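The following features are taken from TrEMBL:
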DOMAIN    1-432  domain 'Major facilitator superfamily (MFS) profile'
TRANSMEM  43-64  transmembrane segment
TRANSMEM  76-97  transmembrane segment
TRANSMEM  103-123  transmembrane segment
TRANSMEM  135-154  transmembrane segment
TRANSMEM  166-187  transmembrane segment
TRANSMEM  248-268  transmembrane segment
TRANSMEM  280-300  transmembrane segment
TRANSMEM  312-333  transmembrane segment
TRANSMEM  339-366  transmembrane segment
TRANSMEM  378-398  transmembrane segment
TRANSMEM  404-428  transmembrane segment
REGION    456-487  region 'Disordered'
COMPBIAS  461-471  compositional bias 'Basic and acidic residues'
COMPBIAS  472-487  compositional bias 'Polar residues'
Amino acid sequence: CSPYKLLSHIPLLSLYFQYIKRFYNESWERRYGRVIDEGTLTLLWSITVSIFSIGGLVGAIITTPIVKFFGRKHTLLINNVFAVMAALLMALCQLAGSFEMLLLGRIVMGIDAGVSLSALPIYLSEISPKEIRGALGQVTAIFICIGVFTAQVLGLPEIFGNESRWPYLFGVIVVPSLIQVGILPFLPESPHYLLLEKNDKSGAEKAFQTFFGKDDVSHELEESEAQRNVKLVSVLQLLRNRSVRWQIITVIITMACYQLCGLNAVSIPFQYVACNGSCLLLISIYMFSYLTVFIIFHFSGLAVERLGRRPLLIGGFGLMVIFFAVLTVSLTFQNHAYWLPYLSIFCILAIIASFCIGPGGIPFVLTGEFFQPSQKPAAFMIAGTVNWVSNFSVGLLFPFIQAGLLTFCFLVFAVVCLAGATYLFFVLPETKNKTINEISQAFAKRNKVTLEGQEMSQFPSERKSSEEQEHNFSSTLENGETKNNIL
């Protein structure tokens with residue numbers, strides 16, 4: 001469900017910058033009779049990179065009503081319409097001589113990504129047992145990396161990475177979309193959606209049996225039934241809820257650091273250290289891709305259930321701070337020693353590895369663990385909004401930051417990582433193998449509410465109905481005693 005990474009990765013776009021720059025110049029000169037100036041070209045390039053995030057923000061906002069009406073699985077299916085539209089627009093932009101088609105395709109592809117990164121975590125969190133909840137949450141990050149790896153291989157000069165064929169790489173997005181359309185119909189819908197939204201108990205029972213691999217799912221059905229009378233919380237209601245105030249703050253800071261930590265920009269130095277020819281660049285890209293997929297798949301998915309979320313997040317951001325500092329030094333003095341470019345490559349790979357250890361997938365897992373099912377759609381909308389606004393900021397501002405600070409720009413990302421690690425060290429509790437109530441209890445003191453107060457604010461309708469039942473029961477007892485006295 002993450003095919004959008006085939007074209008959204010900033011380093012990959014940067015490798016095509018010379019071709020896209022020439023395409024912009026030719027289109028501009030054909031239309032206005034003059035060559036585009038350098039400032040306008042830089043601005044146009046920044047918009048090309050960052051407009052993807054605007055679409056992602058739109059997708060994150062529209063996800064809540066869509067998943068409520070169509071369901072989780074069908075939302076992911078319908079979402080492929082955006083991917084196909086974007087692929088056609090971008091693949092045909094050079095043939096049509098219109099750079100606007102490239103920009104429009106980028107924003108449409110962003111909508112697809114925004115819906116995917118909001119609906120998919122909801123779907124995964126609702127079909128996974130708590131014992132593997134963290135590992136399954138890492139699946140999103142795993143396939144994002146596979147998308148990056150595939151894009152980099154297809155972007156080689158021998159395949160699509162040349163001036164005549166670069167637009168067709170964007171058309172390849174149709175392939176994973178068709179695979180998704182062929183596979184998703186055979187998977188069950190979310191049992192929570194079937195039970196709570198469609199009132200389909202038999203369908204929910206079959207879905208639980210399929211996903212959990214057992215016949216007796218009465219316990220899971222009872223837990224879902226208990227949430228039947230709970231209405232979905234709006235974003236405004238969630239923001240006003242004092243009992244989840246620090247959970248929201250933690251999600252906002254974690255998602256902001258996820259995008260602002262500099263991973264999308266860290267591979268840019270490949271252009272500078274690859275001074276010995278394309279062979280070094282090619283080897284570096286393959287090392288980067290393999291290491292990323294290997295670490296996420298073989299380490300993070302297992303370690304997140306053994307070591308926990310907290311140490312992996314703090315450790316990942318902390319290591320990124322160290323390697324960002326070393327990278328800045330090595331890039332600054334890379335002409336003074338023959339081995340410094342290789343140190344730069346090592347630092348880049350180490351930063352990516354550090355990101356994969358925790359910050360790469362755990363923020364989405366935390367968003368699903370912090371909140372009750374009635375609060376999750378609103379929580380993922382908040383997380384998605386922060387995610388895409390931060391992504392937009394990096395894409396728009398990084399070219400100017402890079403031009404102004406040169407190699408020292410990576411110290412900005414080091415500061416962001418240090419701030420995120422510091423906050424998480426003092427605020428984030430461990431959530432491994434804990435229920436939502438236990439996590440709420442860990443935040444209760446910081447939120448300055450009792451657990452009973454949290455339950456009342458999270459389940460107002462249930463609390464109200466139970467209070468009404470208790471009142472009716474007391475009234476019945478009083479009436480009975482009165483009748484006995486009369487008799």
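Along the chain as shown, the residues are counted starting at 1.
Just so it is clear, glycine is given a Cβ too, placed from its N, Cα and C backbone atoms.
Regional average pLDDT for the domain 'Major facilitator superfamily (MFS) profile' (1-432) in the model is 79. Contacts between the transmembrane segment (404-428) and the transmembrane segment (312-333): present, as 3 or more C-beta pairs lie under 8 angstroms, all at sequence separation of six or more. Long-range contacts of the transmembrane segment (76-97) within the same chain, counting only residues at least 6 positions beyond its ends with a Cβ under 8 Å from a Cβ of the stretch, are 1, 3-4, 7, 23, 26-27, 30, 59, 66, 70, 104-106, 108-109, 111-112, 115-116, 119-120, 123, 166-168, 170-174, 176-177, 180-181, 184-185. Remote same-chain partners of the transmembrane segment (312-333), defined as residues 6 or more beyond its termini with a Cβ less than 8 Å from a stretch Cβ, comprise 254, 257, 261-262, 266, 269, 272-273, 300, 303-304, 340-341, 343-344, 347-348, 350-351, 354-360, 362-363, 407-408, 410-411, 413-414, 417-418, 420-421, 424-425, 428. Beyond the ends of the transmembrane segment (43-64), by six or more residues, the same chain brings 8, 10, 13, 17, 20-21, 24, 36, 75, 82, 99, 102-103, 106-119, 377-378, 380-381, 384-385, 387-389, 391-400 to within a C-beta distance below 8 angstroms of the stretch.
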